[in-house]
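**Q** There's a structure below that I have some questions on.
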Amino acid sequence: MKSSEIRQAFLNYFVQRGHQLVASSSLIPSNDPTLLFTNAGMVQFKDLFLGLETRPYQRAVTAQRCVRAGGKHNDLENVGYTARHHTFFEMLGNFSFGDYFKREAIQYAWEFLTEVLHIPAERLWVTVYKEDLEAEGIWLKEMKVSPERFSRCGEKDNFWSMGDTGPCGPCTEIFYDHGPEVAGGPPGSPDEDGDRYIEIWNLVFMQFNRDREGCLHPLPKPSVDTGMGLERLAAVIQGVHSNYEIDSFQYLIKAIAQLGQDIDLNHTSLKVIADHIRSCSFLIVDGVLPSNEGRGYVLRRIIRRAVRHGNKLGLPSPFFFKLVQPLIDVMGDAYPELINSKAHIERILQQEENQFTRTLEQGLRLLQDHIKNLKGQELSGEVAFKLYDTYGFPIDLTADIIREQGLHIDMEAFNQLMQQQREQSQAASQFTTDYHAVSQLDHQSEFHGYEKESMEAKIIGLLQEGNEVKSLNKGAKGAVILDHTPFYAESGGQVGDKGLLIGKEFSFQVDDTQKVGQAVVHYGEVIKGELTLDLSIHAQVDHIRRDAIRLNHTATHLLHAALKQIVGQHVQQRGSLVDAERARFDFSHFEPLTPQQIQQIEEVVNAQIRANNEVITQVMDIESAKQSGAVALFGEKYSDAVRVLSMGDFSKELCGGTHARRTGDIGLFKIVAEYGIASGIRRVEMVTGRYALAWVNEQLGFMNNLAATLKTTPNSLQEKVSQLLLDNKNQEKMIAKLLSEKAQKSGADILGEIEEIKGINLLIKQLEGMDSQTMRHTMDQLKSRIDSAVIILFTIEQNKMNVIAGVSKNIIGKTPNAAQLVRHLCGKGGGRDDMAQGGGDVPEDLNSKIKEIKEMIEKN
């Protein structure tokens with residue numbers, strides 16, 4: 001069976017047994033900030049297991065894409081060197097959320113392996129937690145597993161927990177026996193670390209909750225979480241020992257080898273590259289782009305490791321991007337997102353390889369030079385840090401290279417240098433805390449801003465300098481918390497509302513609104529009277545400002561959809577700031593937008609504005625929202641109930657902000673700036689409505705003023721400027737010609753002043769009223785006409801001298817070089833050995849300096 005057939009057989013088996021087929025979640029966990037990448041099938045169900053989420057099914061089956069590289073789960077350094085380490089793998093899993101438990105889970109696993117895949121029972125080995133008598137009884141008495149192929153293990157191997165506290169439980173594992181020809185003993189034995197018995201399926205039974213004292217309490221609804229690596233299972237079914245020998249890997253390995261010449265198909269570098277094209281491609285599909293921090297840096301490390309191994313194989317660069325199509329050949333049917341993102345993946349990989357190739361050779365030469373001069377087995381941390389800091393070598397790449405030569409790195413010194421760099425960076429980015437900062441509050445406010453812009457409310461909390469107080473007097477800056485509010489608290493990129501809180505004897509100007517816990521906090525200043533707890537107030541949002549914000553926020557949704565349409569489906573929102581006067585939108589893309597693309601985007605958005613579609617908001621559960629095609633923002637955490645914003649069939653996104661009622665309310669949309677803010681991240685700044693009209697009028701004003709200055713009309717402005725540029729170019733040519741003629745004449749006039757010293761023709765000459773450009777022309781003329789020449793030309797004006805020196809290439813090394821001559825004469829300057837310039841104050845002993853130069857030449 002092919003790997004793809006095994007995957008499908010697994011999914012079909014459990015779907016037929018009442019399991020909901022759930023698509024693989026993103027490699028970027030949306031519900032666990034502690035995880036760098038999704039590394040197991042249960043990650044997307046974590047909140048279900050914790051009881052924080054409900055779904056319309058109690059059984060699920062998945063083929064989950066996983067990455068283990070960086071962070072706690074880092075297999076990178078072993079990838080390619082062992083039979084089963086990967087940065088990317090597929091985890092097959094079936095799950096029960098309070099439905100079936102141990103008996104059914106064990107029955108399903110055994111039946112699938114022995115009856116569907118026809119693995120002989122005598123080649124399987126089972127382990128259980130030593131205290132789990134229930135699972136032991138099911139295996140031995142009901143499944144009739146031989147006691148000779150069964151073992152009990154301790155908590156370290158067969159008891160799983162989510163953390164120090166929380167859900168946990170025993171697990172049972174199924175191993176495949178590769179036969180006596182492979183070294184190693186059964187699980188639980190002293191020789192268990194060998195490769196004979198390989199774990200293929202782990203069944204976790206979550207039946208307890210561990211408290212802070214370590215006591216176990218039975219869960220009201222025990223659950224099942226299982227995981228089986230597709231690559232390991234395919235190796236078993238296909239009768240091979242290494243995962244790299246299975247069909248999908250062999251296809252990639254052969255494709256890589258075809259890019260080079262006479263490459264041994266067992267070469268470790270082929271395995272490294274085959275693994276890395278999988279993880280890199282899927283990370284890019286899920287929105288990760290190479291960068292110098294976080295997930296982006298892990299991706300960069302993997303790409304650079306692959307490029308280094310390609311260099312080792314002698315593959316012509318760039319090569320890595322050419323492997324996307326072979327990957328699609330073996331995985332595109334299961335993951336069509338690969339096909340849809342092919343061009344984007346190729347572009348990113350090619351761009352990153354080209355960027356790294358420029359420094360790879362230099363870094364490798366530096367490293368090899370240091371290795372040759374090593375007196376021991378340890379490379380200094382300073383060299384490793386220089387490779388990282390100057391040549392872009394991730395530390396694990398350097399470790400990879402020197403490990404191949406039996407060496408290691410002084411990691412302590414490297415880490416110290418890294419820490420110093422981090423501290424310097426942190427010191428350079430210190431910031432001050434806002435006066436109204438507050439970390440947590442117990443109050444709770446109810447938001448009514450979707451329906452209202454003003455309402456009656458009661459003060460339930462007052463803050464000053466971050467502390468709760470009982471009153472705020474006139475002139476005091478602080479914050480007010482209300483039981484009900486129409487004020488929108490800053491969230492999702494939309495700024496907080498401004499406005500007034502008004503009473504009979506007081507008023508409070510709201511300058512900002514933030515959310516702290518469940519409380520909506522109104523920051524500002526008391527402009528009349530005194531505020532105390534329990535006062536009734538009238539809350540009034542600045543509706544003109546709110547309306548402008550609404551237009552901008554709705555426009556960002558139209559912009560997002562237009563970017564995907566014009567630039568590509570790889571575009572993902574990476575941030576935004578929606579204010580009243582303008583908005584900015586950050587998105588993933590690898591190069592600047594062209595003027596043509598910007599124009600197309602504006603045309604698409606303005607067409608949607610003219611369509612005047614109704615902006616429809618629906619509240620639904622997160623799963624239904626995603627199934628409806630709503631776009632969820634990259635890395636955003638959503639609650640069970642979400643707001644889905646639709647504008648015709650052009651845009652549908654999850655969003656909690658305030659919006660226009662119809663797209664036509666926006667009026668006009670203009671992009672005013674586009675630029676990069678980080679590697680792979682672009683930013684668009686835009687204006688809408690009356691601010692867009694004001695911007696257009698301002699640009700027209702500039703154009704009219706410029707036309708008046710140039711004595712033409714706005715319609716003829718481009719033609720006029722083109723003619724001016726052409727005239728300027730012709731005048732520059734004329735000036736250059738005159739300068740050349742002047743230089744030739746000056747050069748000819750002073751040829752008679754050459755002084756010969758030991759076969760070297762020395763010419764030192766002060767020129768009158770000559771600019772730097774003419775001096776350079778004169779120098780070029782003289783050097784072309786004088787052999788074995790040392791030429792120094794200088795001008796003096798207002799006690800400042802400008803110096804240029806030239807040395808014929810055939811005498812470099814036999815005389816002071818040009819830069820040394822310039823510095824000797826005027827103290828400052830630099831350039832090449834054969835040509836240099838400088839300037840400074842005229843030395844008091846100028847004649848002595850000239851005499852010393854002659855003496856220096858005589859000594860050489």
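Backbone N, Cα and C define each Cβ position, glycine as well.
The Zn(2+) binding site feature in Swiss-Prot is assigned to HIS553, HIS557, CYS655, HIS659; the stated evidence is sequence analysis.
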**Q** For the Zn(2+) site (HIS553, HIS557, CYS655, HIS659), what does the 8 A shell look like? I mean other same-chain residues with CB within 8 A of the CB centroid.
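**A** The answer, listed by sequence position, is THR554, THR556, VAL615, LEU645, GLU653, GLY657, THR658.
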**Q** Are there residues of the same chain, six or more positions away from HIS553 (Zn(2+) binding site), whose CB falls under 8 angstroms from its CB, and which are they?
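**A** For HIS553 (Zn(2+) binding site), the qualifying residues are GLN494, VAL578, ALA583, CYS655, GLY657, THR658, HIS659.
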**Q** By a simple count, how many Cβ atoms lie within 10 Å of the Cβ of CYS655 (Zn(2+) binding site), its own Cβ left out?
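**A** The answer is 26.
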**Q** Hey, what's the Cβ neighbour count for HIS659 (Zn(2+) binding site) at 10 Å?
**A** 25
**Q** Would you mind checking how many other C-beta atoms are within 10 angstroms of the C-beta on HIS557 (Zn(2+) binding site)?
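**A** Looking across every protein chain shown, the total is 27.
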**Q** For HIS557 (Zn(2+) binding site), name the DSSP secondary structure in the helix/strand/coil scheme.
**A** helix
